[in-house]
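Structure first, commentary second.
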């Protein structure tokens, strides 16, 4: 085996003459082209997700007639508190995404890079879970407050059906979102994960 | 990034382009993919260039960023896997029909290396580039002992591929 590898090494070092020779004129345009790397796509997807959540947050507030009724019933204090919490969290995640992106951009060791990629993935995961938790807890809180403060807003006869419908809609929505998340990130991260595992094996 | 830096970078890349071409040769199977990967490595090198402080040789730094890109960042088409499998099989069959000439042996070795996973390829690549274990460990960000252990395993794996 050693002899064969040595043979290969000799042959490998002879190949220089057959390698392509690019000139500066060939290289300059390459600097302007866009990267097609996996990490770039992970970031694009994260940003799209981020935009989706922002749109959804404001979409519910602006278009949802039911939601605005609920909000008016809850009162401005609760609304302000929840908005402040949500926006603070969003800002926190934007900062986190940016930090991860910067780290990935300037890493030159495969191991650190993969560690950072996994960290980015985790950040996105936390972000999704936070949003889902916020949605669920917020909705339950809103229902409870509405029921306590102004029981007339929702007619008691319909409460069970309304609650079931609400749970079903939220459940379907969360399910679809998780499916989308698993599909997109699954495709992007499968190969990275394999290589990450290989590197991990190498280290221990 | 200013114009001077760009000129400096392009000059350095032109001078050391063989390293990138050789990485591309190991990680791809046709000219289109070779060009794609070369492009991707160039972009990553250019992005990381402001972080290159000259404390390592430019070529050493290129090995790191280049392999890094090939291992983790490069999106490969499915075609690659099919080509790879076909080549591996065809070489193996032909080796039974002919005498083991040097050329045949080399062909077999190359096809066996192509069957390794991305990390193992990186190890073999650095070995073929005549890097010692200290340099291999620094480039891949692992300990020297691990580089040695892993290289021995890769040799074993190559042996198995060649003598199934």
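Here the Cβ of each residue, glycine as well, is placed from N, Cα and C on the backbone.
Range annotated as transmembrane segment by TrEMBL, chosen from A:80-98, A:99-117: A:80-98.
Residues 49, 128, 132, 135-136, 139, 143 of the same chain lie 6 or more positions beyond the ends of the transmembrane segment (A:158-181) yet place their CB under 8 Å from a CB of it.
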